[in-house]
Amino acid sequence: MDKKKVVLAYSGGLDTSVAIKWLQEKNYDIIALCLDLGEGKDLAFVKEKALSVGAIKSYMIDVQEEFANEYALMAMQAHTLYEGKYPLVSALSRPLIAKKLVEIAEQEGATAVAHGCTGKGNDQVRFEVSIQALNPYLEVIAPVREWKWSREEEIAYAKENNVPIPINLDSPFSIDQNLWGRSNECGILEDPWAAPPEDAYEMTLALEDTPNKPEFVEIGFEAGVPTTLNGTAYPLSELIKTLNALAGKHGVGRIDHVENRLVGIKSREVYECPAAMTLITAHKELEDLTLVKEVAHFKPMIEQKITELIYNGLWFSPLKQALHAFLQETQKNVTGMVRVKLFKGHAIVEGRKSEYSLYDEKLATYTAQDEFNHDAAVGFISLFGLPTKVYSQVNQKKVEA
């Protein structure tokens, strides 16, 4: 019987390495796909490892700039903070991984794609809904969800089949990282009362170890896109990396969160998102300067829905595409400079300016240079309060009667 081809999202870890052998037993030829999302792994090694374990072909694709410009940028412009805290680090990368899985599957003539998600996480939903949206005819295989092995059983299978066991396997943590940040769960973090140990963090310093003097960064934006740091122009992926280092040194972006997962359980997660939190903070302040009141007040409702759609794996849904169009329209005049103080875990905006600023000092000032028409206030108040006044008059008459 001819073997079918499957494209596997490959990380180099134990689960996806074992999945190669498991899929071989199911009569598949495995094509491994590893993406460089800015996590800092030795991906050349990961690519070769897939071949050594048994994949017939292995791809390593650098998608950092695509991830920055088409995924992280939208998240920043929409100020996506799930449940007010989590900037969607992992959720943002899943639709891009799904997109590349589908592209390689179509290119290679594969009939299926596979991922290494468990049956109790959000990522299985994000991958599979995205894949269905992009190519509903591809079979999706989830080996880890299907085999239901304990960790001990999985290690035993790996040893029996000569699958290399990672040297960091004894680490209690489950970590996912990309340009936009780092997520960490499992181990002691499963106890919501336990303080995260310092070795749970990598991108940020503890407050006790951060500099005792603040550092200032000036972030330049053009039409809602961060383009410069302290006067130096960067591609967006490099700007994010540079800001991760700057803000992380000051302990910015540590998040300890008990979140409501899509699959119905609560999960305690620890995140590090120094650049994401700094950029979201700065961008929001520039919007406050440049957006008209009606748009500024309406946009958070759209942001909330976009955040939910991305978290729930609906990146490729029609509603998300429609809301993205609204978001892009709001960014046309979000151009300017924001000065941010990085100090002891905080990113504090201390200045903002824009050629499209709607702040008029002559109207806002209380000095002799005031140009606001105070006489207009009387008529405005009369008309603005008229519905309330009429309602009160009518109901007071009923009480008196």
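All positions are counted from 1 along the displayed chain.
Each Cβ is built from the backbone N, Cα and C atoms, and glycine gets one as well.
Site annotation (Swiss-Prot): L-citrulline is bound by Y86, N122, R126, S174, S183, Y271, and the candidate from E139, E259 recorded at this site is E259.
Among G84, G109, G116, the residue that Swiss-Prot places alongside A9, Y10, S11, G12, G13, L14, D15, T16, S17 at the ATP binding site is G116. The Cβ of S17 (ATP binding site) lies under 8 Å from the Cβ of Y10, K49, A50, V53, A158, V163, P164, each of these being in the same chain and 6 or more residues away along the sequence. DSSP assigns T118 (L-aspartate binding site) to coil in the three-state reduction, placing it in neither a helix nor a strand. Distance from the CA of D123 (L-aspartate binding site) to the CA of Y271 (L-citrulline binding site) is 16 Å. Surrounding the centroid of the Cβ atoms of T118, N122, D123, where the record places L-aspartate, the chain contributes additional residues within 8 Å, namely C117, K120, G121, Q124, V125, R126, V263.
Put simply, of the binding-site residues Y86, S174, S183, the one whose Cα is nearest the Cα of T118 (L-aspartate binding site) is S174. Summarising the environment of S183 (L-citrulline binding site), the number of other Cβ atoms within 10 Å of its Cβ, over all protein chains shown, is 23. For the binding-site residues listed here (N122, S174), the lowest count of other CB atoms within 10 A around the CB belongs to S174.
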